[in-house]
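Working notes, structure below.
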Amino acid sequence: MTQKAFSQTVLRTLFDYLLSEMGSSAHDKGLHQHEVPSSAVSENFHITANNLGLISHELMLTIDQAAIASGHLTQLLKPLDDGRWLVLSGFSRGRIKGTLIDGHVVTAHVFKLNELMELLNCPCDRLLEWHLIELKAPMDASSHHEHDHEHMPPLQRLFEMIKVEKKDLWHVIVLAIASGLLSLATPAAVQSLVNTVALGGMMQPLTVLSTLLFIFLVFYGAISIIQSYLVELIQRRVFVRMAADLGNRLPNVEWSKYDDKNGQELVNRFFDILTVQKAGAFLLLDGFAIAMQGAIGLLVLAAYHPLLLLFGLIVVLWISFVIFVQGRKGVETSIDESYAKYAVVAWLETLARNGQTFKFSGGPELARERTDELAYEYLNTRKRHYRILLNQQYSLYALYAVASTTLLAVGGILVMEGQLSLGQLVAAELIVSGVLASFAQLKKKLESYYDLMAGVDKLGHLLDLTVERETGDVLKLSEPAHVGVYDLTLTYHNRYTAFKNMTFEIMPGEKVALFGGPGTGKSSIAELLTGLRVPSHGHVEINHIDMREIRLESLRQSVAVAGRTEIIEDTIIENVRLGRPDISVHQVRDIANRLGIFPDQKQLPEGLYTVLNSAGSPLSSSQTRKLLLARAIIGNPRVLILDELLDDWKHFADSPARDVLFADDAPWTLLVLTGSKTIAQLCQRTIDL
């Protein structure tokens, strides 16, 4: 590998290709708006990828493993010895889709495995280092982060969500047109059969006609199967992109967004991806097919006679009235119904989360009354929505009755006057009866469309959650850090001021208590020092570097906080390690012993591999508190913040944890946020809030 692979020219071409290929919104904004480093060093690759909304991982894979792992949204990259980049983006039927980047030149290839081995000059079973590239936010184009508080219209958001699928969508549309044409095979065959019989039928034309009809119907079935397969692939990719987007977005949402929202309840909107999948697939397959068949069928009628052209126009106008006039508030009422549905879900979650509270005093009565109120509101919104659907259904069945009768009467007159053949009349009846029968069932398609729009709207509430900034320099600390707070003011939503003009400094390695009673802003200070919140005025410095100039991800690798009880449903090891592969099981066991988390090893037969629930069970509350502390200190942070973690810790002064936290050679500067004077006295000095 040469430094040429990491030159500014090559990296710019490479990232431009990746952003375009993966459908990133950053590509639409122009790569020139993002910084591509001019220095030829590989470390810049990961930084640049992050700035452009990409995630870069380094993996050790064999060539065949890399080929299988690669895909449209998981591109695998490898710099070559001659300065080019190899990009793998898919594997199918023994062929590997790849691209070679050489300076400004981008060349697409389809490799066989042996050709790839020759290019890399490497046997198939040798492990090679690859860069796995994924989009941070695959749905970013369908999110709305402007500050005007407008919510992107659901139809516009849907188009943005499926824009990356435009290639397969065009295939589905072309197949739908072909399917619509082939659907005329039966009426055409019947018309020919009637005309043949009327003229004195013979066996040979009937045989030819039957054979041709069979062939056309086989093609029709094959096209329908291909359509179904393409739509299935689109469904899978939409689900994966949405899950991947939220998997990255939710941990990086601005903390203030949860001030007036319940994040756990908000995530329930993710289930609407299933509605989007099913309703979208239904409309793509059935809805579009009906539209194509109807349009083609009415065009064929128009070719038979001018009166039938007028008949077709009236049908189109009637359908337009049903969709655009009667259904003009259909999306709005469907969204209202969805809001009411989630209000019920939120309340039921509240009941489940506070089970003990609702067992005592007037809890059961409150539970029933509030449930009845919310269910009643849901019924009202559902009635308003169904009223629209019912009116549309009346109109559609009226169209079916009137149009079928009119065509029979008009067609019969035209046949008697010799302006239409009997075969044409029969074919027209078959075409129209099929089309109108489908139109009569249009209510299901319209309901699916309204559900689709409501589902997209709900997903939008997740996609519109604003993420934290990703700019700044990497913070590198090897010793306990200096902490400076200067003229700091924090106001919540321009209403409540937590504190004003606060200033203090903490020297490297110092153990300091920030003492204050309830409402003095202790937790708010912890959030400011970790970058979770942005101060209304003033600033924070870590090692004399303004926090606004530090990349938050880098900051949180050096600054740790323990306070809120947040347990993931996983083993004790993973709760302590928290995705840090460099932390071994031995280190977890060592820190658990030093803090005295498990005085009785027999208490947990599975030891560190015991799976915890979200409340920390089967651990006790004191063990859970120690577990949170272990998670914070095992990575040797340079600033350690304890947010009221020690206040309810019985006999903390005599516990092994005190020796760990307050050791003279501890690698951190310690800030103890507390409302306990006993705890504050353990520190070297106290700052009163």
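Just so it is clear, glycine is given a Cβ too, placed from its N, Cα and C backbone atoms.
According to TrEMBL, the feature transmembrane segment maps to 169-190, 210-231, 279-301, 307-325, 394-416. Annotation source TrEMBL lists domain 'ABC transmembrane type-1' at 172-442. If you look up TrEMBL, you'll see 483-689 marked as domain 'ABC transporter'.
Looking only at the domain 'ABC transporter' (483-689), the predicted model's pLDDT averages out at 90. Sequence-distant contacts of the transmembrane segment (394-416) (same chain, at least 6 residues past either end, Cβ-Cβ under 8 Å): 305, 307-308, 311, 314-315, 318-319, 321-322, 326, 422, 425, 428-429, 432-433, 436-437, 439-443. Panel annotation: around the transmembrane segment (279-301), residues 162, 169, 172-173, 176-177, 179-181, 183-184, 187, 224, 227-228, 231-232, 234-235, 238, 308-309, 311-312, 315-316, 427-428, 431-432, 434-435, 438-439, 442, 445, 448-449, 451-452, 455 of the same chain, lying at least six beyond its termini, place a Cβ under 8 Å from a Cβ of the stretch.
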